[in-house]
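Student: Below are the structure tokens for one structure; questions will follow.
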Amino acid sequence: MSQRSTKMGDTIAAIATASGAAGIGIIRLSGSLIKTIATGLGMTTLRPRYAHYTRFLDVQDEVIDDGLALWFPAPHSFTGEDVLELQGHGSPLLLRQLLTRCLDLGARQAHPGEFSERAFLNGKLDLIQAEAIADMIGAADLRAARAARRSLDGVFSRRCEALAQQLIRLRIHVEATIDFAEESLDTLDRAQIRTSLQTLNVELTQLLRDAEHGKRLCDGLYTVLVGPPNVGKSSLLNALIGSDRAIVTDVPGTTRDTLRESVHFHGLEFVLVDTAGLREEGDAIEREGMRRTLNELQRADLALVVLDACDPQIGSLALADALTSVPRVLWIHNKLDLLTEPPSALDTDVIPVSAMTGAGLETLKTRLRTLLLGETVETIEGEFSARLRHVQALQRTAAHVTDANAQFAYEHLELTAEELRLAYKALGEINGSMSPDELLGRIFSNFCIGK
């Protein structure tokens, strides 16, 4: 159990609504002292799952506030413990006073995410669902919110569990044959195991693609604008976000540092990164800017390579090399307005635009939307939210399944079984069944205090 959770017997309390004045404010409590605290606040009777109008009293029986109290007895609550919600006026002063009174009556201030952590530890949620709560709260658009809702409803969890069961059955089959190691595998057994490994690999590959898609929905597509100096990268960024955020001049090398802006196209989030132009020479400051550009490319989901439509030369060997590791590359020929003749037929991965006039920008936005959504999830109904750690765990799982396939080809049954065990362990990190305590601590510490 994590260090954060060694006091599971404590009763915790926190303000669950956003800071600032509002019409309603909520304090949430969870733990074994709920009835004692309710009595201390002046509530003599509470019926489960009923809204009780009451006055919340201080130690001198003075009224702190009035509002509604709702009691959810264990185990039928969000955390699996006794839960009490106090709904009063959204005055920060009154909420702090009411929270202090709850703490004086025996509760302690909850850590960030501790309510969700208790729900996880008490088996009310798996780790995917707990993270989906935070993803739903932080969603930047409706589609991402709906994807997080599906993860909270268990769409992602059920697919992981189905794969976990396949791994268990397959490992049992392989280990059963080890008991008869003196006999070679018969044709039927060999075919069954090989088919099961192939089926597992196909389904795992599809789940990995869908998880990558879910991560893009939640995080947005990290899109880095790169290219030679003075081709209009900053102008293009300004045109796409509809604001003069980046400095634009005719002097090559004006952009020395990276600039990040979140923007939504067709209801989907993109993180656009303007970078220093890349060329073979430059002063010390410009070279530092170019180094940062190459670093940004290492984390890019997509590179927009911006070139001058009048002279579309990349002009940098370092950029050409760096692009080989970027998952997606889209070529932009900017300054279309300066061409004296219409552009000749271009490759489908090249989009002619003019940051100055806006020509081609809608085509670019549509292409960006297509790149974010991809074709990995057949319907919107199948989308779910995912995080980087989920994708990485699935990648490790897939690598172990691939190794199991290779070991089985040589009839190394013990090694095949071991790779399947490691695959199951990696997959279990996703829903928390195999997650180390320090990972759980990091995940829940990033939640809101009242969640």
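Placed from the backbone N, Cα and C atoms, the Cβ positions cover glycine too.
Just lifted these from Swiss-Prot, have a look:
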type	residues	note
BINDING	Arg28, Glu85, Lys124, Lys451	(6S)-5-formyl-5,6,7,8-tetrahydrofolate binding site
BINDING	230-235, 249-255, 274-277	GTP binding site
BINDING	Asn230, Thr249, Val251, Thr254	K(+) binding site
BINDING	Ser234, Thr255	Mg(2+) binding site
DOMAIN	220-373	domain 'TrmE-type G'
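Have a look at these and tell me how they're positioned relative to everything else.
Tutor: Cβ neighbours within 10 Å of Glu85 ((6S)-5-formyl-5,6,7,8-tetrahydrofolate binding site), excluding its own Cβ and spanning all shown chains: 19.
In the three-state DSSP scheme, Ser234 (Mg(2+) binding site) is classed as helix. Taking the Cβ of Ser234 (Mg(2+) binding site) as centre and 10 Å as the limit, one finds 24 other Cβ atoms among all the protein chains shown.
Within 10 Å of the C-beta of Asn230 (GTP binding site) we count 18 further C-beta atoms, all protein chains included.
On the 0 to 100 pLDDT scale, the model's mean across the domain 'TrmE-type G' (220-373) is 81.
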Student: Measure from the CA atom of Glu85 ((6S)-5-formyl-5,6,7,8-tetrahydrofolate binding site) to the CA atom of Asn230 (GTP binding site) and give the result in Å, rounded to a whole number.
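Tutor: So the alpha carbons of Asn230 (GTP binding site) and Glu85 ((6S)-5-formyl-5,6,7,8-tetrahydrofolate binding site) sit roughly 58 Å from each other.
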Student: Output the one of Arg28, Lys124, Lys233, Ala276 that, of all these binding-site residues, has the highest number of other Cβ atoms within 10 Å of its Cβ.
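Tutor: Most Cβ neighbours within 10 Å: Lys233.
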Student: In Å, rounded, how far does the Cα of Lys233 (GTP binding site) sit from the Cα of Arg28 ((6S)-5-formyl-5,6,7,8-tetrahydrofolate binding site)?
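Tutor: Checking the Cα atoms of Lys233 (GTP binding site) and Arg28 ((6S)-5-formyl-5,6,7,8-tetrahydrofolate binding site) gives a distance of 49 Å.
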Student: Fill in the CA-CA distance, Ser234 (Mg(2+) binding site) to Glu85 ((6S)-5-formyl-5,6,7,8-tetrahydrofolate binding site), as an integer in Å.
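Tutor: Their Cα atoms are separated by 50 Å.
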